[in-house]
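Right, one structure below, let's go through it.
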Amino acid sequence: MSGNTQAGLVLGQEIGAEELAPAPVRRRAYGFSAGKWLLPVYCTLALAFLLVPIVYTIVFSFNDSVKTNIAWRGFTLDNWLNVCSEPGVCEAFGNSLLIGVTSTTIATVLGTMIALALVRYRFRFRAATNLLLFLPMATPEVVIGAGLAAQFLSAGIAKGLGTIIVAHAMFCLSFVVVTVKARVASLDPALEDAGRDLYGSSSQVFWRITFPLLLPGILAAALLSFSLSFDDFIITYFNSGSVNTFPTFIYTAATRGIPAEANVIASAVFLLAIAIVLIGQLSAQARRKRLAR
Amino acid sequence: MALTAFTGPVVSADASGARRGGRIALLLLLPGIAYLLLFFLAPLVSLVITSLQTPSETVFGQYDFTFNWQNYGEVIGTYSEQILRSFLYALLATVFALLFSYPLAYFIGVVMRRWPLVQSLLLILVVAPFFISFLLRTLAWKQILSDEGPVVSTLKALALLGPQDHITGTPIAVVFGLTYNFIPFMCLPLYTTLERLDMRLIEAGRDLYAGPATTFRTVTLPLSMPGIVSGTLLTFIPAAGDYVNASSQFLGGTSSTMIGNVIQSNFLVQLNYPAAAALSILLMAIILVLVGVYVRRSGTEDLL
């Protein structure tokens, strides 16, 4: 998520906040009495406005375009059926997947370890550690991108897949820590104590009790990290050299016109992501209902 | 620092049975911290070093380290317009995004409280733009706002726009794009605070004969300050450094170049690394100062 790095944090916060007790339910209508309908109408329009470019992108993935995908020329399924016919699109997409998976793995492992240490242990330099984790989230992406590029330049490292992965894992790390930390904090230490009381070794306690309980948080962090990596443009562009990711492909293609196949990939990713989020929300809802009974 | 402004309530180390742990804590922390030192802090240092370099006299395209502080003076002199513009655009986008998002977040977080499922579905709609490529959704706006698009033709038909006027390529389009792209960042933290708003306090305001406007100003608004602070930070910081919206392939034009565009072209096109580095350090320093002052003044000291 280019430029969206910071927002991922909020998503993480959402995921972490799930465990909190529900706020008191209101008992009667609030808000401005004159605007009983004003607010719902405004919100419908506002949400519709937010969806405009998404609908546009999906609709134009079905456009029977020739060279540029600007004017509507008629409906076709060709773009969806032959996504890889456009040179470069699928290669860039494949690179993005590879980078996303690798950097997410690095960030998730390192981030989970830090989160465990932050919640479970008291140590010196705690404030400094927190600051070091916070700063990457408060630094504009151009600065991070230019900094890494300057570092690779002075170290004589050629830009490519490796440098992109290193950069992505770096900015995803803080988001993983924040997301997993919420989960570690909500964990009941009594469960681990019980494991120890039953003569479980510390590694048994970790892998049989702690890790399975943390898994939803870790998965959420990994998904967040992957989506941040997948859509990052600014940092990537500074450190990609000649390698194209999906966003850098779109950026360079923007001058001559975006092929409809790019819309196909973006739409497919969008629909898949929405499906994952929907399923997650609905199953959380079902779980809450079951627990309430 | 404004750590909790981003991360929500601090998790106390003592609350969950924290142990004093020398070696294990160190082993858990070391790899990640080393990674951040190597790939976050060290790059910032090399950025500072690069910003003080001078072009080599012997080899073209090479730079030597010389404590060349004039680089900063030069970039401020040359690009003061772009620097000011970036912060102005970011400020405008932040204000617009706040005005746009507050009612929406209030509706989802407070009015819809009785229907948690509807709440989550509405929230998914708010974050939906996250899931489609940032660049493609900006390009979609470019097409919609282009001279052949529906918006321009409607405005021209209504004579609100002259026959020679455009939307794309103007500052209006850039601020619009920044606002649109960062609305979810504003909306989510606002929602998180408003969702936990204790409605009994608002009832209390009413019982004390305060009108809706007074109740809002004296109760709701102060209580939602944490959300406002983190939402505005999450919008302002990336907006100030953004260069996609302002780039001429997207919504911007020559009169709306931002500091990010200048850094990018200096670094990647003109290979003038010292200028790009000096601008980056400047951008970061200004943002840190602004954020520090803002968090202090917004009356949320406990966020520090």
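Heads up, the Cβ atoms here are built off N, Cα and C, so glycines get one too.
Remember, TrEMBL labels are computer predictions, not curated facts.
Over in TrEMBL, the protein carries these features:
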- B:24-49: transmembrane segment (TRANSMEM)
- B:83-294: domain 'ABC transmembrane type-1' (DOMAIN)
- B:87-109: transmembrane segment (TRANSMEM)
- B:121-140: transmembrane segment (TRANSMEM)
- B:172-194: transmembrane segment (TRANSMEM)
- B:215-237: transmembrane segment (TRANSMEM)
- B:275-295: transmembrane segment (TRANSMEM)
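Same-chain neighbours of the transmembrane segment (B:87-109): 119, 122-123, 126, 171, 174-175, 178-179, 182-183, 185-187, 190-195, 197, 224, 227-228, 231-232, 235-236, 239-240, 246, 256, 258, 286, 290, counting only residues six or more beyond its ends whose CB sits under 8 Å from a CB of the stretch.
Contact between the transmembrane segment (B:172-194) and the transmembrane segment (B:215-237) holds: at least three of their C-beta pairs are under 8 Å, each pair 6 or more apart in sequence. Away from its own ends, the transmembrane segment (B:24-49) comes close to residues 65, 277, 280-281, 284 of its chain (Cβ-Cβ under 8 Å, at least six residues beyond either end).
Using a Cβ-Cβ cut-off under 8 Å and counting only residues 6 or more beyond its ends in the same chain, the transmembrane segment (B:215-237) has close neighbours at 2, 5-6, 90-91, 93-94, 97-98, 101-102, 105, 182, 185-194, 197-198, 201-202, 204-206, 287, 290-291, 294-295, 298-300, 303.
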